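Pulled from Swiss-Prot:
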- 1-18: signal peptide (SIGNAL)
- ASN30: N-linked glycosylation site (CARBOHYD)
- GLU293: active site, nucleophile (ACT_SITE)
- ASN342: N-linked glycosylation site (CARBOHYD)
- GLU374: active site, proton donor (ACT_SITE)
- ASN449: N-linked glycosylation site (CARBOHYD)
Amino acid sequence: MLWIWVPGILGLFGRVEALWPQPSEYSHGNKTLWLSPSVRFTYTNNQRSFIYTRPSYAGINWIPGGWLNLLQNPWGSAEQTVAEPLPNVEQFVEDAIKRTKHAIINSKFVPWKFHPRHQKFEPLVDGQHPTIEEVIINEASKTSQEWSPRNYVNGDEKYEIRISEDGEVQISSRSPIGTIRALQTFQQLFYSHSHSKSYTPFAPISISDSPKWRHRGLNLDISRNVIRPEDVKRTIDAMASVKLNRLHAHAADSQSWPLDIPSIPELAAKASYHPSQVWSSSELEAVQLYGLERGVSVFLEIDLPGHTAAVGHAFPDLVAAYHMDQWEKYAAEPPSGQIKLNSSAVYQFLDLLMADLIPRVSPLTEYFHTGGDEFNLNTYLLEINLGSNDRRVLTPFLDRMITHVHSSLRSSGVTPIVWEELVLDWDLNLPSHKTAGETGGVIVQAWRNSSAVKHVLQKGYQTIFGTGDAWYLDCGVGTFLNPRPGSKAVQNPYLDWCAPTKNWKHMYVYNPLKDIPVELQSLLVGGETHMWSELVDPVNMDQMIWPRAAAAAEVLWTGPRSPDNIQDASYRLAKWRERVVNDAGIRAAMVQMTYCLMRESGCEL
């Protein structure tokens, strides 16, 4: 038996392990175990237990406490409507167990790419290998009443998996989210066999795992190009597989407003790109629930006061410098226009917007992002009741607007997130967790460069990292701007502002702790990669996001990586990529050439 122990940093010992992100501690052998197609999952927490065998009425053997609706629909449903009550967290765990079993049993991932060509690597179907007949899950969690759908993702994510040579499986966790994380790892231990059932070649297995950071996110722009709910759900599936837990949906911008706001029907009706491309209230809730079922909290960003020109399609009187011919004087990108700062009508609009939106999203998330970036001063030269681009004049009006909106968020128990400019450029005195308590402060997201992270931390704010020089996924594809005839503003080679492309290796070795004093590191809540969508739509978004966001996911889960980790990471990340391409329909870009993955000779230099 080969026994390999992996404490944090993996070495290459002949066999490449299957797991992404890398667990905190991982040891394994080289014995094969089959997984029975009728394997039982026995789940126990402090309140109840159930046994799951197969998706049929006869296959669910309930110990007291089960729900009749699951007997009628044992697979559960991702689609929810506003009228339905929210599921409880125990149902999230049950659904995760069902998905895990279904995914393993129905996997199409045969890992031939990871063995020398024509090598017979699959176990013989000779009855000599033990079979896993039961997976026992013990969850030492709080009572279910203490977990709500929106906060359970903040629970203890630590878990352990023990698999013996004889096929005994024990999974232990301390919370529902810990159980879900364990199942996401458990699924990656198995492969499809060309002529038989699923198997793992790694027994015995011992895994102890927990994350480095609690906020592990992807920022997805759903406004500049049409990104539909089904595209976001597909993205959530990939996120969950690498233990990313926050989907930051940049939900509106100057180009379009795709969200239906029932109390302001004109907004999406006039500001969306097309009536068929509006996100209904039920679709938004369904996406949020779909994420929570998989351990991903979906929260919205409505950027204020910049990036709001789309509001002018419905309410032009609320927007200053709306659709100016020389847009570049009034905006970072076209079209120009920002909501007015000194307008009672704007405040009425914001109050109505928040009164509609926040009660709908807050039961399913604890965050709401109010933006605050790329705020153009010249715009307010054209606001009749203001007429100034002087920062000293504008600051009190900006401060008043942000404070007003944030007060409505806090009254609903929602934590505001803002972009870095509000505290670095405008020096607004927003409450931090030190001045307003753990839930009363804002979280600040740094984006322009890595030095901004340190500057935000020095002001005492909890901070999200993932800046343009490290984790921007849209960089390097070229500018969307066309040159005007005779203009030299846009020239060959027509680069975008953050070129070159941040490839997966670059994203993998980004160290968010570099140059951050130890005494400030506790303020780092985590990070996000960013998929801005000027040149992204559902056709190319998968390959633009993946596998690069997965590379960042390991940094967020396991901690900073180094160039010495890249060789091993290329094999593990490529295995993850093959798995989601084959089994989840994710059209992820390549990690490595097949020749290199087969390791017939070195692809190192």
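Backbone N, Cα and C atoms are what each Cβ position is placed from, and that goes for glycine too.
Since the structure is predicted, the reported quantities are computational estimates derived from the model, not experimental observations.
Candidate glycosylation sites: ASN342, ASN449. Fewest other C-beta atoms within 10 angstroms, ASN449. Taking the active-site residues GLU293, GLU374 in turn and counting surrounding C-beta atoms within 10 angstroms, the largest count is reached at GLU293. The distance from the Cα of ASN449 (N-linked glycosylation site) to the Cα of GLU293 (active site, nucleophile) comes to 34 Å. Taking the C-alpha positions, the distance from GLU374 (active site, proton donor) to ASN342 (N-linked glycosylation site) comes to 19 Å. Cα of ASN342 (N-linked glycosylation site) to Cα of ASN30 (N-linked glycosylation site): a span of 69 Å. It is 33 Å from the Cα atom of ASN30 (N-linked glycosylation site) to that of GLU293 (active site, nucleophile). Of all Cβ atoms in the protein chains displayed, 14 besides its own lie within 10 Å of the Cβ of ASN30 (N-linked glycosylation site).
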